[in-house]
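Student: Just lifted these from TrEMBL, have a look:
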type: DOMAIN; residues: 38-340; note: domain 'Histone deacetylase'
type: BINDING; residues: Asp114, Gly164, Tyr326; note: substrate binding site
type: ACT_SITE; residues: His156; note: active site, proton acceptor
type: BINDING; residues: Asp191, His193, Asp287; note: divalent metal cation binding site
type: REGION; residues: 463-483; note: region 'Disordered'
Amino acid sequence: MEVEGNSLASPSCPDGRKRRVCYYYDPGIANVDYGEHHVMVPRRVAMTHGLVTNYRLLRDMELLRTRPATEDDLAGILTDDYLCLLRDLTPGTYRADTARRHHIGALAGDERNDNPVIDGLWDYCARYAGGSLAAARALGSGRSDIAINWSGGMHHACSGEASGFCYVNDIVLAIKELLATFPRVLYVDIDVHHGDGVEKYFAADGRVMTVSFHQYGRGGKGSDTFFFPGTGSAEDVGEGAGKYRTLNVPMKAGMDDAGYKELFVPIMREVMGVFRPDAIVLQCGADSLSGDRLGEFNLSVRGHAECVSYLRSFNVPLLLLGGGGYTINHVASCWCYETAVAVGKEKEIPDDIPHHGYEHYYKDQGYKLHYGVSKVGRNASTKEYMDNIRNEALKNVQNLHELLKRGVARSVQFKDIDDCELYKKKQRPKKRSNRDEEDPMDRLHRLCGQADVRNFFARLGDENIRGTDSSPGRETKIYEERRRASSAAVHRCSH
């Protein structure tokens, strides 16, 4: 998707390619386990981070401090009884009658157990929600143009219940934080599933517009049931003060890059021109990629990332969140590439997957960042269907335009944000002071590197004691070998 003519270079980065980007990563999320047969695998975020680190993209971003959301933070978006349940629930304290009222645990007639009772549930929710909250505050402080939290994007959760693997809706938390600074916030969802939880929360709020591009209708794999969650009709346009600020773009199975672009670009161009948001939240659910275990779209990594690139081009503060995505190597490839898009280096990173400890997961895609899309199936959306959906969406945007012309601008009381505690202090690459925040895979590489150097010097000492080499050039050889070993160790540690 080409950068539009109305897209200008960012005031903070006049060259037009770079942006001030901040990045949130909490290694504690990687150890959360939904269960042996569950398709949700939070370690995909650690895999993404491994790629981001070893493609050396961290040097182009500021790192946000790891800070879980507090109980007070979550109390603003959860009902009292649901908050108490999440806070106190463990596999040992689970009571089916209580938990099931909030859609946690196996429900009657449902063997999938979408929202299991997992160890450390409250901590997990607080961690990913805290990341989205920190990212929103970073944008509100004005210090960053783009903020990233790939562990966020849990768009199905509601105020009083879990849904679709989501327990706490961090997106709602982030948007509410953004509204303290920005008068209008636009939420865009490119997950294959409808962003129902966010839409429901803000359906009557005139300050927030939600736009969801998703699969809708009966499943494309011969299923007789509606594709989850079964909501997101084009006829749903919001209510009350939020009328026409809900926009749904329902699509059929097999949607490919070309078809997605035909809908996304003209619709989002009009939305940006009419709603004129002061901040954007983009949920980048990767289950719309080809080959996903649940999704039935056929997007490539580049096709998915073009949505990020297009919205980035408008130079409005942008929050990037994760979401769905259940073929974890595809997810990590996608979110790493979209991180490169955020910092303006998507054309600079090589396609070959770097050595980083998770590379064996990429064998089926030839150890490449970009993999081929599936040749099985086709886009089930006919030209007539595509035209109708696009025209209906544009009509709803025009209806919003008419409403806004008659409306009166609201006064907004802005909140000052102190950014001193948001960001981590920059450290020299050689120093690793925060061992508790170090990814286990990074730690393994670091320790292996140290062991290599220790073994080298031990061997060298033994040789000197035995006098195995007394040649005139011995000291020069020792110096050069020590220098190479030290450089290799530093190189490993920088990874």
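Heads up, the Cβ atoms here are built off N, Cα and C, so glycines get one too.
Annotations in TrEMBL come from automatic prediction, not curation.
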Student: Quick one: of His156, Asp191, His193, which recorded positions lie within 10 angstroms of Tyr326 (substrate binding site), measuring between C-alpha atoms? Sequence order, please.
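Tutor: The recorded positions passing the 10 Å Cα test: none.
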Student: How many neighbouring Cβ atoms, not counting its own, are there within 10 Å of the Cβ of Tyr326 (substrate binding site)?
Tutor: 20
Student: Quick one: among the binding-site residues Asp114, Asp191, Asp287, which has the most Cβ atoms sitting within 10 Å of its own Cβ?
Tutor: Asp191
Student: Let me make sure I understand the span of the substrate site: among Asp114, Gly164, Tyr326, what is the greatest distance between any two Cα atoms, in Å?
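Tutor: Largest pairwise Cα separation, rounded: 13 Å.
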Student: Express the distance between the Cα positions of Asp114 (substrate binding site) and His156 (active site, proton acceptor) as a whole number of Å.
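Tutor: Taking the Cα atoms only, Asp114 (substrate binding site) lies 12 Å from His156 (active site, proton acceptor).
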Student: Can you list the residues of the same chain, besides Asp191, His193, Asp287, whose Cβ falls within 8 Å of the divalent metal cation site's Cβ centroid?
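Tutor: Nearby residues not in the site list: Val192, His214, Gln215, Gly285, Ser288, Leu294, Gly295, Gly323, Gly324, Gly325.
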Student: Including all protein chains shown, what's the count of other C-beta atoms within 10 A of the C-beta of His193 (divalent metal cation binding site)?
Tutor: 26
Student: By CA distance, which of the recorded positions (His156, His193, Asp287) lies nearest to Gly164 (substrate binding site)?
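Tutor: So, of the listed recorded positions, the one sitting closest to Gly164 (substrate binding site) is His156.
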Student: Could you pull the average pLDDT for the domain 'Histone deacetylase' (38-340)?
Tutor: 95
Student: What number of additional C-beta atoms lies within 10 angstroms of the C-beta atom of His156 (active site, proton acceptor)?
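Tutor: I count 28 other Cβ atoms within 10 Å of it.
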Student: At the Cα level, what's the spacing in Å between Asp191 (divalent metal cation binding site) and His156 (active site, proton acceptor), rounded?
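Tutor: Distance between the two Cα atoms comes out at 11 Å.
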Student: May I have the list of same-chain residues other than Asp114, Gly164, Tyr326 whose Cβ is within 8 Å of the Cβ centroid of the recorded substrate site, in sequence order?
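Tutor: Not counting the recorded site residues, we get Val39, Met40, His156, Phe165, Cys166, Phe228, Leu294, Gly324.
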Student: Do me a favour and check the Cα-Cα span between His156 (active site, proton acceptor) and His193 (divalent metal cation binding site); whole Å is fine.
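Tutor: Per the Cα atoms, His156 (active site, proton acceptor) and His193 (divalent metal cation binding site) stand 9 Å apart.
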Student: Including all protein chains shown, what's the count of other C-beta atoms within 10 A of the C-beta of Gly164 (substrate binding site)?
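Tutor: Counting Cβ neighbours of Gly164 (substrate binding site) within 10 Å gives 21.
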